[in-house]
Each structure stands twice: as C-alpha cells, then as structure tokens.
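Below is one structure, written out as structure tokens; the observations come after it.
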C-alpha cells in the first residue's frame, strides 16, 4: 500500500503535490517529470506481467485449497485466505497503481482515488496480518502442541480469518472517510517465533523472510521520513522500487508454495491436468 491522500492533492493540483510529506512512495516526483514512450511501454509490460502472474498464482492457491481435500486443514485455510487477500491486491490495487506509475499523474478522479486508497490499505494490510496469523498459528502449534492442537479447529481458523479481515477493514476506514493524513501500518515481525520449527515450517520461514525483504524497506522509510523530512529525501526512482517491492510480495507467496510445498505442488499439477 502507499502513502494515502497524496492522490487527493493531485486532484486539485495535478502537477505539483502541495505537501511533500504526503507524496506516496510509488510517486515521488513522478508527476513533475514527463514520461518517455520507452518508459511507458517497458513499465506497462513489466507491471502487466507482474499483475498477470500474481493473479494466476494466487488463483491457483485459492483453487487448490478449495478443491483438494488433502489441503483442508487449519493451516491451509489461513494460507487460502492469505491468497484471497493477495488476489484482491492483484485485481483491485495493482492495475490502478500501475496506471499511476506509468503515467506519473492521477487521472481517475476523486471518487476512484478514495476507493483506491481504501482498497490499497485494506488488501495490503490484510495480507500482512494474515502472515502474522499464520506465524502465530504455527508457533502455538509447536510451543503448546497438546493444548493448542485440540483447539485448532476449522471454527478457530474461521475466527482468526474473520478477525484478520475485520482489523484490515477497520484500518481502511480513515481513508474511506477522507481523512487527510499520512497513513501507515506498523507491523509486527512475527517470524522470530518460528525459530524452533524445522522441516514443518521451512515454507513458512521462507514466506516470512520474503515478507520482511519485500516490506521492511517500505516501513523503514515510512517510519523515518516523518522525523527527518527533506533531509532524508529518497530519489523518486528508489521510492517506486520500494513501493513495488512491497506489492510484489503478493506474487511471491504462491511461487514459494509451488516450489517448496509438495502438497500444493501436487494440487497445482492436478488442477492443470483437469483443465
């Protein structure tokens, strides 16, 4: 997700953001520099490929968890819900973010701007919170196996999933109401709790490591920029890379499942053969 309410300023001043503190990571000074045809074509192709791969990969995960009985367990229900969040990022957020990145200016009007900001925050926050929920579920299953495994029911999974989406929705309410403030989510690094797991958490460990790699630069910039202002200005090109690195996490999760998880790999092959 991005710095919110930058787009609102673009609606009134399409060529100059009025406040440097509310410029989104994926914009920087993008609107002040004309885009070359080469940039627009190459960026469109790259971002389009990222979106298509992300949609396909997460759709495969959702289909696998839904159709394959061997994947019907609490851990995979959480993974399936994560894939839904990532799929929503890919379908609802990334196309609009790509258009803005390619053109360097907001062209879709105030209403779409507000909707986009809310969806951006909702979907990306939900994706991050799902990763934390998955990590906590696995941590409890290892550290308190006897008690927790007896409580690890589909009903509990439904409760965790519902809570995750509810929190994400609650966090997205301020942008929906048009609050002109910089919006950021301070995430919890849940992956430290996974140190005791071995083979059973190899895939999850890689997923959490990938998550940190993708999102940590964004949060570092998000948390330090308000305190140092212009003195720690990040070049526009680097800002775009940081923002899209976070978005790319929605693509990488299903790739990790396909490569490292035998059950998901078998389910993917089965789905491909059936169609």
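Each residue, glycine too, has its Cβ placed from N, Cα and C.
The region 'Disordered' annotation in TrEMBL covers 1-24.
The compositional bias 'Basic residues' annotation in TrEMBL covers 1-15.
Taken from TrEMBL, the feature transmembrane segment applies to 45-65 (among others).
Summed and averaged per residue, pLDDT over the domain 'G-protein coupled receptors family 1 profile' (57-224) gives 80. Here TrEMBL flags 57-224 as domain 'G-protein coupled receptors family 1 profile'.
Here TrEMBL flags 77-103 (among others) as transmembrane segment.
The transmembrane segment annotation in TrEMBL covers 115-136 (among others).
Annotation source TrEMBL lists transmembrane segment at 156-179 (among others).
Marked as transmembrane segment by TrEMBL: 200-221 (among others).
Cβ atoms under 8 Å from those of the transmembrane segment (241-260) belong to residues 1-2, 24-26, 47, 50, 53-54, 57-58, 60-61, 79, 82-83, 85-87, 89-90, 93-94, 97, 101, 124, 127, 202-203, 206-207, 210-211, 213-215, 217-218, 221, 234, 268 of the same chain, restricted to positions at least 6 beyond its ends. What TrEMBL records for 241-260 (among others) is transmembrane segment.
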Which sequence positions outside the transmembrane segment (45-65), separated from its termini by at least 6 residues, show Cβ-Cβ distances below 8 Å to it?
71-72, 76-77, 79-80, 83-84, 86-87, 89-91, 94-95, 98, 101-102, 244, 247-248, 250-251, 253-255, 257-258, 264, 267-268, 271
